[in-house]
Amino acid sequence: MSKRSPPPQPAHIPMAEQRWRPPYPYASSAAGGGGVDRRSRSGFCAATRTFHSLRSVGPLPPEELPLTVAAYAFSLLSSAPPLVVAGRGPALVDAATGIAVSYPAFVARVRFLAGGLWCSLGLRPGDVALVVSPSCLDVAVLYFALMSIGVVVSPANPASTADEYAHQVRLSRPAIAFVAPEVAARLPRHVSRVVIGSEVFDRLASASAAGGWAAPPAVAMKQPSTAALLYSSGTTGRVKAVAITHRNLIAQISAYNAIRETVAREAATDAGKGKPPPPSPSPPAAVTLFPLPLFHVMGFGLLTRTISSGETAVVMRRFDLAAAARAVERYRVTKLSAAPPVVVALTKSDEARRRDLSSLVAIVVGGAPLGREVSQRFATVFPSVQIVQSYGLTESTGPVATMAGPEESAAYGSVGRLAPRVQAKIVDTATGEVLGPGRRGELWIRGPVVMKGYVGDPEATAATITPDGWLKTGDLCYFNEDGYLYVVDRLKELIKYKGYQVPPAELEHILQSRPEIADAAVVPYPDEEAGQLPMAFVVRQPGAYLTEQQVMNCVAKHVAPYKKVRRVAFVNAIPKSPAGKILRRELVLQAMASTSRL
């Protein structure tokens, strides 16, 4: 399975010498907050028409310092809770089996596996490794091992089809793929692969541990170098490979830790005033349950942040509500990271009520906004659990707005305030006017978390990121006078099904390729549990016979399960603008009107 001949023995640098230690003071002016009236709770600067984060910032290493996100994360463990330092606090736990990996063991496994990747497979900085597997402990170790030697991690959904993998391979051009056994046959034949959990995979780490291979040399990666290629759907109907840098991930870790410290400081201040402290989402023994897949930006980013903070990640292979409730009870989970459908399900679950969930103090919600009504219903059922809404994109490496502390968590309907070092604008899409608090427009963001760009697609990159670094989110939003961000609607046409992005154009292309179908359009249909369902409006060819089930089946065999069409309506024509653009809003209103008549 050797990719290249083993390299000559390198000159070794002890791993400890790579570690970044945070002695660097952070200049507050670098946050871009100049001109902001600090008495303004919105963070809006009238002179620049820009919203600035008013949160405290943590140390961030100089951008010119060579540093991988793995080395940065491990460097922070020296300040981790005492249980971690003593080797008793697990880094990872398998939710199903209870197998736990301590922090010393995790760091050792990463280094041993990195040695096998370097010496046996000949992987080098800049190579791309496709990783296709359900979430598991091996995948978490593999991510860090790859990034520690400068190899670009490219996680993909194990539920994707052969056609979808072929497209992703064309984008990322992987040197090798690490795959789950059930996925291997769906990859293009020319891609070299190692099956995760196989004897070959296990030998990569075990041979290093036995001294068979030397440790890899210290890799002097520039922080703006690509660390990961994450896949994001575009409205064109084809996924794009989003280039996330080491700097992006390091900045997210820094922001996460700064917010944790702020919450802890405010709780200590309240305690000094005699106020009863609220439960902390990040106590010394913080344990986070990962029902979201590690290939998703939420799971991928949260893993790096959890490890760097010395917290425990409880990994689920796939989400199941009953299993999640059991895991919370068994492992005393303090924090649950989830998409809105999970919140809805918890409020209705008898299983959740039967379990002891008293350890849970926060549920971190992302992927789509959580409605005020659902938030209030959840608070009624679980009054001691904070809802921590966050907002972000794959293109922003995860959250650019979030909630911190009980006061912010009570702002139902909002997705929180800007994260440290993030700037934002609200832009009128019709006039280009930059708007102030209370005005609705497209959200633009800027900061060290913004992606490098779309791989192999300079036109899409230029259309998404302005020359001065502003990322156009495609979401209709506004800030209120207190700096809370509200997501009103999606300017992008993506359908958000259980936190996944479903591009309607991709489904329309499949439908329109059928000879029995004259025209078709796919729109989001509101659903309390899933968020949105893909609904197809279909125009049959004259004389053609086609049932709703046949329409759903013809799409299902070409796409991953989360992209399936869930509702179908037959119509005489698809409403379009003079330019031929589908008028999706008319179809959504038509769907809602027909439902209300039932």
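Yeah, the Cβs are placed from backbone N, Cα and C, and that goes for glycine too.
Note that the structure is a prediction, hence the values are computed from the model and not measured.
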Residue in GLY367, GLY371, GLY405, GLY483 which Swiss-Prot records at the (E)-4-coumaroyl-AMP site where GLN389, THR394, LYS492, LYS496 also bind:
GLY367
Given the binding-site residues GLY367, THR394, LYS492, LYS496, find the one whose Cα is closest in space to the Cα of ASP475 (ATP binding site).
LYS492
By Cα-Cα distance, the member of binding-site residues ARG318, LYS492, LYS496, LYS498, GLY499 nearest GLN389 (ATP binding site):
GLY499
Can you tell which of the binding-site residues SER232, ARG318, LYS498, GLY499 lies nearest to LYS492 ((E)-4-coumaroyl-AMP binding site) in space, using Cα positions?
SER232
For each of the binding-site residues (GLY367, GLY499), count the other CB atoms lying within 10 A of its CB, then report the residue with the highest count.
GLY367
Please give the maximum pairwise Cα distance, in Å and rounded to a whole number, for the (E)-4-coumaroyl-AMP-binding set GLY367, GLN389, THR394, LYS492, LYS496.
21
